[in-house]
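Student: Input: one structure, supplied below.
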């Protein structure tokens, strides 16, 4: 095999293994006004060029519908096409408007075709609907939810809708709080999904020790709980973050220093390893919510409020991050390998407090779980589960490639060049570094 062919194959393998890192984006601003294509495009461009990062080039959407319309496709799609930002599409599944979500999905496929298809990472049917439908969600006044049977029905409807279209290869999942995922009554939704979306916010876990020093452990443990029930399916981090300002939740203090610590300890190990959409790029335009999670302020800028660079000691190298945020391609999106947590954890995990944002921010409910499975309203003096924010804004996220390890067959015969290359690239999580190492190993075997 020629050297140029080896390099091309290595880079192709790295691209196909690369995960996605980006932010969550609602269809309105924080005052409820609808975002335009220009608004989305400005956000996507800013995310790609954030100082201290290799760029956040993926967007998670909550709805297919443009703000202020019945079922017109969201203008984030043409903005993403212009900016080459990959998309985790979302269909809002609570409140009885799903037919319009399907209509918008069909219209988007017809209007944008291949240009859309090459950007789609996956499709999320709903966001925290199961939590809002739970006893805890009802107690917390979290908003209208949906039962698991209906979510399964909606997932099947989306599968039928995209069958035979440009999006036929898109993996379909559902996003919810980890407490919803570990609830056995929701297991049918897990069965229906190709992947599980995890929302988790230790900041809101105000019935437990939730200082910034506890945050990483709380986050990791709640992810492990979700992994344990995922039945081998990938778990994508669809929402997490720490506020830069706002009220204190028990021991959790909202400030820039703690937001930076959470980014370093939780975000950096995810970036370049697991599909992750951070909350949030900007939530203070034009009104600053309490709490505010935006990593940029009220004025959109590529200069963040705190340092976003990840140190070399983090598990994600700059090279891996560069690979994970390269422009999307057909191989790395539809038909490519997704990247997420797949290893089920046997250890018990502490619960994590989680938050969801509805399309356009009309909902900002927050769910939590504790040993007594009780929920308390945050608007009261007692620590609670509802963030109570009416601000509308979209979230943010980051992503990375999933790690895979190749196993030895025990054969004494020399492995083939193609096997060395494939296994090396896979075992090194699809990073550019992994691709380079794979090439070197392949050349050594010649």
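Keep in mind that glycine also has a Cβ here, set from the backbone N, Cα and C atoms.
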Student: Which residue range, 393-416, 417-440, is the one Swiss-Prot calls region 'Disordered'?
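Tutor: Checked against Swiss-Prot: region 'Disordered' maps to 393-416.
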Student: Between the Cα atoms of residue 239 (active site, nucleophile) and residue 128 (active site, proton donor), find the distance and write it as a whole number of Å.
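Tutor: Distance (Cα to Cα, whole Å): 11 Å.
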Student: Provide, as an integer number of angstrom, the distance between the C-alpha atoms of residue 183 (N-linked glycosylation site) and residue 128 (active site, proton donor).
Tutor: 13
